[in-house]
Amino acid sequence: MWTFPVDYDVIVIGAGHAGCEAAYCAAKMGASVLLLTSNLDTIAKLSCNPAVGGIGKGHIVREIDALGGIMAEITDLSGIQFRILNQTKGPAVRAPRAQVDKQLYHIHMKRLLEQVPGLHIMQGTAEALLDNGEKVLGVSTKEGWAYLGKTVVLSSGTFMRGLIHIGTQNFSGGRLGDAASLGLSEDLKRLGFPLGRLKTGTPARLLASSIDFSVMEEQPGDHNVCFVHRNEMFVPTLPQVSCHITHTTDQTKDLITKNLHRSALYGGRIEGVGPRYCPSIEDKIVKFADKDRHHIFIEPEGLNTQEVYVNGLSTSMPFDVQYDIIRSVSGLENAIITRPAYAIEYDYVHGNVIFPSLESKLIEGLFLCGQINGTTGYEEAAAQGLIAGVNAVNKVLRHPPFVPSRQESYIGVMLDDLTTQVLDEPYRMFTSRAEHRLLLRQDNAGMRLSHYGHSLGLLSSERYAMFQEQKACIEQEKERLSKTFRKYGDTVVPLTKVLCRPEVSYQQLLTEFPADVRDLGPVVGASLEMEIKYSGYISRQQTLIRSMERSENISIPEDIDYHSISALSLEAREKLSKFTPRTIGSAARISGISVADIQVLMVSLKKDAH
């Protein structure tokens, strides 16, 4: 086998959302990087919905931007509708979401990656890892040659032994139109990796000109919503479009009920478990039998195509049943299908063999990110890609790994969850997964995390200075307003107390007391308002975190023998040995580990220390 004459610091396998972020970040840190993908024309392809962000997910994209990653930038360049979800709810759960032009998203990502110094993008299909039994050495390809590298980042998406289901038909594929990767799964098994099987799905695509939008509810976008942190108002570069909302009918319900036995999911042909919070339409009909109808969202796939995505109508039914189901939906009576819906099963690696840095515990220098770790979603994948890319370079440079904590980021919540929990379904980020979500708002991601991005060499000094200035402005104005007393109603109170009232906004305060309130602009002003309005809750959460940190960050030696600690329960010994947590905090979050087990472990660690 011929070996390519260049040795790389980092080899990234797969150019989906995880792989693109990993390759970009590694190269920006000064590493020589190979990004290996089976098809250059599908770089950063949005395989499912034409959207980025949402509740929890939008928070992650803002964190990626704060750390110096690229998903936010590409989303803003490609966005054809921007919205803030949960506007009427509390600030912790408000989140940006964008409809993007799928073709432009790919084009912008490919163009950006091609301009990064030190990054070599190459078409080729990874077939097997090269290793010496302890350390990864590179990768061999289906085409018959090899690449050598000091580290390898594996971001295979749904391609590992991918199996596509449409009714009773199934065939190999990484997604519809692309071949599956068969060799990598076998190679990981050879190396001792425990593999599981998960499932996801995507709905049919329809021709917009065949849809009756007049019977649907129009859903326009919002103004001044974006993913890249800015001081100024955001004006999209592309024309903005609307989505539309329709619903299923009694006929839809009857069709699905009568044909359940023909569904790949209910016919017993699918082995993998699907995402609970993104169910197929047949799942909804079965599990919510009391509901007469379900909402369907019609989302445009781009400005230069008539194709639309039918959000809420994912299915693994046969194509003839899909045809009837679609035409039973209000406004879709004459719809023309351009691509069928399908379900896909794929292999993933269990989290107990992965460190929070995303390095494998079994083979040194091998990092895993994205759906191979059991997650679902572009945003979760991109965040893991950033972490894996950064830590692959840290490995080469012999620097300690970068692992943000769950107290300071949603990315940290995800890393901790993936490496301490047994997944029984694809992992999706929600704000409810974070214990301190009021501290992890989407508006303050830059103030929370930009110092990491700057120290890693990913975030420019100019952008870091912007975040520092925003933070300083908010702290100074909070202090000033707390000392500025004015009459409001019948009493004289500090202006911070006025802003704490639920009916008073920062803009109203600015209008009513123009001589006393500094105009920080709409972006920083909104953050100031949240910091003041929720200061009591924020202070309590910060106090709780400080009290927990004393035990949370106690390190556990890598060579600890849990089976020798007889006071631990049998379940605790087995699970701690399986997951090998690095800290007491991580150990405490493993399912089945009791408070008593943690107390025993801490006593044992103190004895060993003495």
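Cβ from N, Cα, C; glycine included.
Database features (Swiss-Prot):
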- G14, A15, G16, H17, A18, G19: FAD binding site (BINDING)
- 274-288: NAD(+) binding site (BINDING)
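In this structure, A15 (FAD binding site) belongs to neither helix nor strand by DSSP; it is coil. Distance noted between the C-alpha atoms of V286 (NAD(+) binding site) and G19 (FAD binding site) is 37 Å.
Same-chain residues at least 6 positions away in sequence with a Cβ under 8 Å from that of K284 (NAD(+) binding site) are, in sequence order, K291, H294. In this structure, V286 is the one among the binding-site residues A15, A18, C278, V286 with the smallest number of other Cβ atoms inside 10 Å of its Cβ.
The two recorded residues, G19 (FAD binding site) and R276 (NAD(+) binding site), show a Cα separation of 25 Å.
Same-chain residues at least 6 positions away in sequence with a Cβ under 8 Å from that of G274 (NAD(+) binding site) are, in sequence order, L198, K199, T200, G201, L265, S280, D283, A343, E425, P426. Listed in sequence order, the residues V12, C20, E21, A22, T37, A44, S155, G157, G370, A381, G385 complete the 8 Å Cβ shell around the FAD site centroid, once G14, A15, G16, H17, A18, G19 themselves are left out. According to DSSP, K284 (NAD(+) binding site) is assigned to a helical segment.
Reduced to three states, the DSSP call for R276 (NAD(+) binding site) is coil. Within 10 Å of the Cα of A15 (FAD binding site), not one of the binding-site residues from the list R276, C278, E282, F288 places its own Cα.
A Cα-Cα distance of 33 Å separates H17 (FAD binding site) from F288 (NAD(+) binding site). Within 10 Å of the C-beta of H17 (FAD binding site) there are 32 other C-beta atoms, taking all protein chains into account. A gap of 34 Å separates the Cα atoms of F288 (NAD(+) binding site) and A18 (FAD binding site). Using a 10 Å Cβ-Cβ cutoff, G14 (FAD binding site) registers 32 neighbours.
Packing around S280 (NAD(+) binding site) is summarised by its Cβ count: 27 other Cβ atoms lie within 10 angstroms of its Cβ, all protein chains included. In sequence order, A44, K45, S47, S155, G157, G370, A381 are the residues near G16 (FAD binding site), counting only same-chain partners six or more apart with C-beta under 8 A.
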